[in-house]
Number of protein chains: 4
Amino acid sequence: MNVLLTGFEPFGGASVNPSWEAVRLVPGVRAVQVPCVFGEALEHLRAAVLEHDPSVIVCVGQAGGRADMTVERVAVNLNDARIPDNAGQQPIDEPVVRGGPAAYFATLPVKACVAAARAAAVPASVSQSAGTFVCNHLFYGLMHLIATELPGVRGGFVHVPFAPEQTLGRSEPSMPVAMAAAALTAIVTAAVSVADDLRLVGGSLH
Amino acid sequence: MNVLLTGFEPFGGASVNPSWEAVRLVPGVRAVQVPCVFGEALEHLRAAVLEHDPSVIVCVGQAGGRADMTVERVAVNLNDARIPDNAGQQPIDEPVVRGGPAAYFATLPVKACVAAARAAAVPASVSQSAGTFVCNHLFYGLMHLIATELPGVRGGFVHVPFAPEQTLGRSEPSMPVAMAAAALTAIVTAAVSVADDLRLVGGSLH
Amino acid sequence: MNVLLTGFEPFGGASVNPSWEAVRLVPGVRAVQVPCVFGEALEHLRAAVLEHDPSVIVCVGQAGGRADMTVERVAVNLNDARIPDNAGQQPIDEPVVRGGPAAYFATLPVKACVAAARAAAVPASVSQSAGTFVCNHLFYGLMHLIATELPGVRGGFVHVPFAPEQTLGRSEPSMPVAMAAAALTAIVTAAVSVADDLRLVGGSLH
Amino acid sequence: MNVLLTGFEPFGGASVNPSWEAVRLVPGVRAVQVPCVFGEALEHLRAAVLEHDPSVIVCVGQAGGRADMTVERVAVNLNDARIPDNAGQQPIDEPVVRGGPAAYFATLPVKACVAAARAAAVPASVSQSAGTFVCNHLFYGLMHLIATELPGVRGGFVHVPFAPEQTLGRSEPSMPVAMAAAALTAIVTAAVSVADDLRLVGGSLH
């Protein structure tokens with residue numbers, strides 16, 4: 001099957017983005033870098049989809065401060081930027097798609113993806129929120145694209161922790177890029193091969 | 001205006017639930033306790049709505065571990081219980097309402113509610129996820145009820161931290177119940193009086 | 001018995017220091033504010049001791065980010081400043097007292113102090129480190145003064161969390177000043193009345 | 001130079017201890033496993049010292065929950081166990097060495113060790129407390145042994161985070177054992193080669 005992975009360029013003053021560094025290490029997939037810019041990120045995604053015609057699409061972003069790989073479950077129709085994006089835009093409480101539904105669920109088998117990452121010895125969990133910055137923007141745009149134009153395509157979003165070199169003096173959680181790539185490889189395999197998601201505990205009390 | 005607040009009974013082995021303790025201290029509102037049980041919580045909510053005919057409804061729950069009042073923005077159509085509820089039910093990956101939309105946004109002015117709590121000197125922020133347990137279940141059920149049967153009613157959900165007596169030996173964040181009640185009072189006032197939400201920074205990077 | 005409490009002036013750009021705000025609310029004690037300056041803090045302490053001739057001395061400081069009252073157990077002979085003090089000094093790896101021992105233990109009954117705060121319904125715990133900034137500097141100086149000049153005086157240090165007004169937009173733990181004062185009152189009572197410390201679990205794995 | 005590293009056996013119900021797994025990967029040193037038992041740990045250390053006659057000794061332990069390598073600065077004369085050790089002992093507020101000083105500072109160049117780990121691309125920082133369990137017990141016992149019997153020997157303690165396989169379902173920070181070993185290798189090199197410690201910011205506010 002044809003698999004497309006996207007990773008982001010660096011943002012917020014960083015010189016590296018572990019989402020892109022990890023994505024480019026995953027074997028057997030199309031890896032595309034997208035800008036950390038509202039709007040433009042979606043244009044790059046659409047162009048890559050047209051070019052590669054994938055049946056599985058996983059967008060990947062950095063979640064600084066998280067300790068494990070997180071498979072996102074819900075994309076919300078909301079741009080609400082705490083900091084400016086790489087083009088200086090800072091939308092507040094605007095929809096990703098005017099008139100779109102409030103949210104989409106990922107069509108990846110999220111519990112099976114988490115189980116696959118753990119089976120590859122990488123800490124992972126389900127996340128109930130991808131935030132309201134460009135990551136969620138891309139995730140929502142992907143799921144809207146699938147819902148409206150790409151029936152049958154599986155799509156979702158995965159967040160990776162900081163790379164160790166980003167936290168050298170900060171005592172924050174990190175994960176080596178090679179380990180994040182191993183988890184992504186396992187997640188892609190699950191996304192391609194698992195028909196029905198697993199019924200595993202993985203919710204959040206709040 | 002007629003305002004209905006709900007708080008939860010204790011759960012997870014606790015002997016107190018600060019959501020109910022705070023709700024009952026808010027002046028000038030109808031305060032109703034609901035069980036921490038999937039399904040039953042919604043039945044109690046519906047009965048209270050029928051009895052009191054409110055124009056503003058705020059459901060309140062405990063978010064143990066959070067440090068501030070959190071005004072929830074998104075209710076998702078998902079029951080995914082990490083622990084059993086008070087009736088021993090533990091649904092995994094089931095919808096709250098079969099056939100309902102993936103999510104609803106709160107119709108409270110969430111940024112104005114946060115600003116009102118802070119103006120009352122209580123730490124507060126917007127939250128992008130109410131989890132997947134009974135709190136989110138009640139929140140989604142409320143918003144579905146409003147969307148399908150109660151046009152014009154404002155509704156939303158607020159999480160309160162642990163009360164101090166719940167954390168005596170645990171070094172976890174807490175907030176006195178009286179302070180949570182002061183924030184809820186300010187939030188209710190904003191919910192009643194603010195026509196258009198404020199345009200304030202309050203999103204999440206992830 | 002004569003009890004002396006000290007609290008700090010604001011530092012690090014803050015406009016308030018909850019240690020002083022809490023200390024001044026404790027009834028029946030001498031409350032003295034000390035500057036957040038290496039050296040000067042100790043001079044103010046010594047002057048207050050000479051003036052009031054206390055038999056119990058508890059210095060109090062702010063520990064931003066901690067969630068509960070922490071009774072410090074160990075003062076170390078080390079000034080190692082992460083930020084400049086209020087006079088612009090930033091000592092790195094210097095002793096508080098040249099030739100002094102590596103550390104002193106508090107002579108307060110620390111476990112009984114923690115138990116007393118909890119009995120007053122305030123979350124509290126033992127802390128194994130008061131850091132290496134002006135708080136530890138004052139704590140070490142106090143214990144050295146007691147060891148060398150004030151036989152029989154009980155002394156120690158307590159850290160208080162941020163006040164809520166310091167964390168309004170930050171989602172960090174806080175504690176109302178009145179609650180911190182109630183804990184300090186209970187701690188002072190224990191310090192005055194408990195002959196032998198309680199044998200309670202309160203250590204740290206690391 | 002002759003370098004001795006010690007790591008601990010598993011404890012607290014775990015099946016692995018990353019301190020031992022990392023220590024055994026460091027090239028060119030003597031690696032010895034010690035039991036997680038008050039008293040016995042020190043006996044094993046003394047036996048290893050007699051056997052290998054090292055000039056640098058670094059004891060290593062697990063600090064579950066920490067995100068980076070932490071080079072400990074202060075060993076305190078206190079056993080205060082939150083949980084039983086592997087022999088079922090749970091001392092409360094007892095000295096490691098009756099009549100010993102309240103604390104010893106590590107004689108490793110701690111700032112240079114942290115800088116060396118970071119130069120090897122591994123997140124690291126100075127820690128002001130090794131807790132009050134068997135890690136601190138061993139650290140204090142080591143420093144007391146050096147102070148009383150091994151003049152000129154450099155000694156200290158380093159804590160390593162959980163290994164990833166210990167946190168698969170827990171969303172807690174972790175570090176691959178090979179990365180911890182790379183940091184230990186760099187730390188040992190600094191301990192052997194750096195005459196005077198570096199003057200770098202690395203203290204704690206509290």
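Numbers run from 1 along the shown chain.
Each Cβ is built from the backbone N, Cα and C atoms, and glycine gets one as well.
Per TrEMBL, the features are as follows:
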type	residues	note
ACT_SITE	A:Glu72	active site
ACT_SITE	A:Cys135	active site
ACT_SITE	A:His159	active site
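The Cβ of A:Glu72 (active site) lies under 8 Å from the Cβ of A:Ala106, A:Val110, A:Ser127, A:Ser129, A:Ala130, A:Phe139, A:Gly156, A:Phe157, A:Val158, A:His159, each of which sits 6+ residues away along the same chain. Checking the active-site residues A:Glu72, A:Cys135, A:His159 against chain B with a Cβ-Cβ cut-off under 8 Å leaves A:Cys135, A:His159, in sequence order. Under the three-state DSSP scheme, A:Cys135 (active site) falls in the helix class. Counting only residues at least six positions away in the same chain, the Cβ atoms of A:Phe8, A:Cys59, A:Gly61, A:Gln62, A:Ala63, A:Phe157, A:His159 sit under 8 Å from the Cβ of A:Cys135 (active site). Counted within 10 Å of its Cβ, the other Cβ atoms near A:His159 (active site) come to 24, all protein chains included.
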